[in-house]
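These features come from TrEMBL:
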| type | residues | note |
| --- | --- | --- |
| COMPBIAS | 1-11 | compositional bias 'Basic residues' |
| COMPBIAS | 140-152 | compositional bias 'Basic and acidic residues' |
| COMPBIAS | 153-162 | compositional bias 'Basic residues' |
| DOMAIN | 16-57 | domain 'EngC GTPase' |
| REGION | 1-31 | region 'Disordered' |
| REGION | 140-172 | region 'Disordered' |
Amino acid sequence: MYKGQNKKNKKKWFEDQSVGEVSHRNGRGKHTTRNVTLLPLCGGGYLADTPGFNKHKLLKVTKQKLPLCFPEIRKMVEGGKCKLKNCSHLGVQGCAVTGDWERYDYFLQLLEEIKIDEECQLKKYGTKREGGVSCHMGEKGVEQAKPRIDPKKYRRGSRKTMKQTMMKELED
């Protein structure tokens, strides 16, 4: 964290940092920092300039599962108090969850991140649902979702069936 009394100097320091463009292909920034550098500070001490870190992703948490991760929501919904089916608990009329609890803003922020991530998944794998998604282990043990293709739609027929069909057409 970069702290200091003079806002002008902090702003200038951040403006002088080299920043790469954001890739249009994957929506991520290009790394400009390749190694750790210790920058001496005027008042003593050092500032460590490190390569960027990827943010932690909520891999298995969906919009429907997120409310279950908050004990506050579970307590409010307990006993079937929420009248809406498949409610996202955003304070809609008839919903038992109100926005007057301490971590509500954090809940909304996480919900927004999940929505954005799901939209990116749809763009990446296509908007057409073709039988769901299959999960495979990717690099470093991270689960990756791949679209499952409908086998009846794209599968080539067997040679035996094709030969029988062709023989039947020739007879007719």
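Using the three backbone atoms N, Cα and C, a Cβ is placed for every residue, glycine included.
Curation does not apply to TrEMBL; its annotations are automatic.
Keep in mind the model is a prediction, meaning the values are calculated, not measured.
Sorting the compositional bias 'Basic residues' (153-162) by DSSP state (H, G, I as helix; E, B as strand; all else coil) yields 6 helix, 0 strand, 4 coil.
Summarised as a single figure, the pLDDT of the domain 'EngC GTPase' (16-57) averages 70.
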